[in-house]
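According to Swiss-Prot, the protein has these features:
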- 92: active site, proton acceptor (ACT_SITE)
- 265: active site, nucleophile (ACT_SITE)
- 92, 93, 94, 95, 96, 146, 188, 215: substrate binding site (BINDING)
- 303, 305, 308, 334: Zn(2+) binding site (BINDING)
- 246-252: region 'RNA binding' (REGION)
- 270-274: region 'RNA binding' (REGION)
């Protein structure tokens, strides 16, 4: 039911194209995955999302458990029917949100107790419960519960959290019993190569349908992000889809693809869109600026998204300056289409044996010149 098929390899780097087969369709990789935290990509309908070429989206277990609750989603027929999305869905376990958003009361090997950020009530999440929630949600891919410490934590604290992540992974595997849902483990270890290698090898030993690398782009220096991207893949299985969590810039995506990563997600396209900022090549255009008031060109004349085909920068500037919701939605839609188009072009370049020339991260000028 779940299969990852590698369809081509770059002769000079670790980049590859592939097809990840799921019960709700296939995902052509490399691929960017829009974030729909609460079973919605903010301001964008499922029909619009399909028009961008999106093939898989991410929703969040932590947030959906708190509101509206997994039992309601299950009663609706599962998350696909609940949000009217016919393609694959991956649910993040919520580990990052628990440790970054909630006021923690207690962390133990059994799980985490915290205050609900919505109403202050006490909530307890264990690895077993997190898996059961995701089984009720009915996503195609469930993520193991992990402990993601702050990037400022010292090596001893990160090692302690890593042992907890590994213990929880074992419990997640033992609890997960849904044949039509894949379980991915998550590699942690912070900026420490020894811990990253240890975690990659341990997580890989479970032979799960896919594997993710977490604890990246959580406030650390860019050099540390690149170090993890360059180092960890050599310890991951080749025949599994590799998911790099929380990455959405062109440079980091191209670097990650060069090192053999396949799937990416990031909130930036919609977060920036809601503030009036649009992606253009490897730049960001703040459409709130006065210089766009009389600019009747689209955000990107080479982009085929609904926004660029139908609306000018001047109109979007007008919407943003007047706090019109439509403007935020249209820019977010373009930003998602931009990243989908970028990963699609990377796939074409890999198949045509020109990835190194066109998209390798050290060739930043080729990205800036918009070869895709």
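Just so you know, glycine gets a Cβ as well, placed from its N, Cα and C.
Feature map: annotations from Swiss-Prot on the structure.
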residue	record	Cβ contacts under 8 Å, 6 or more apart
92	active site, proton acceptor	58, 59, 60, 61, 62, 143, 245
94	substrate binding site	60, 61, 62, 63, 65, 125, 130, 145
95	substrate binding site	130, 143, 145, 146, 147, 148, 186, 214
96	substrate binding site	146, 148, 214, 218
188	substrate binding site	146, 147, 148, 158, 161, 162, 165, 195, 199, 214, 215
265	active site, nucleophile	32, 33, 34, 35, 58, 90, 243, 245, 246, 247, 248
305	Zn(2+) binding site	51, 52, 333, 334, 337, 338
308	Zn(2+) binding site	298, 299, 300, 301, 334, 337
What Cα-Cα separation, expressed in whole Å, is found between residue 93 (substrate binding site) and residue 303 (Zn(2+) binding site)?
34
Using the Cβ centroid of 92, 93, 94, 95, 96, 146, 188, 215 as the reference point for the substrate site, which residues of the same chain not in that list have Cβ within 8 Å?
97, 98, 99, 143, 145, 147, 148, 186, 214, 245
So which other residues, same chain and not among 303, 305, 308, 334, have a Cβ within 8 Å of the centroid of the Cβ atoms at the Zn(2+) site?
298, 299, 300, 304, 306, 307, 309, 333, 337, 338
Within-chain partners of the region 'RNA binding' (270-274) [C-beta distance under 8 Å, separation at least 6 from its ends]:
34-35, 41-44, 284, 328-329, 331-336
If you count Cβ atoms within 10 Å of the Cβ of residue 93 (substrate binding site), leaving out that atom itself, what do you get?
29
For the binding-site residues 215, 303, the one whose C-beta sees the most other C-beta atoms within 10 angstroms:
215
When DSSP is mapped onto helix/strand/coil, what comes out for residue 188 (substrate binding site)?
coil
Candidate with sparsest Cβ neighbourhood (10 Å radius) among 146, 334, the listed binding-site residues:
334
Please work out the mean pLDDT for the residues of the region 'RNA binding' (270-274).
97
Using DSSP, would you call residue 334 (Zn(2+) binding site) helix, strand or coil?
helix
Could you put numbers on the helix, strand and coil content of the region 'RNA binding' (246-252), residue by residue per DSSP?
3 helix, 0 strand, 4 coil
How far apart, in angstrom, are the most distant Cα atoms among the substrate-binding residues 92, 93, 94, 95, 96, 146, 188, 215?
15
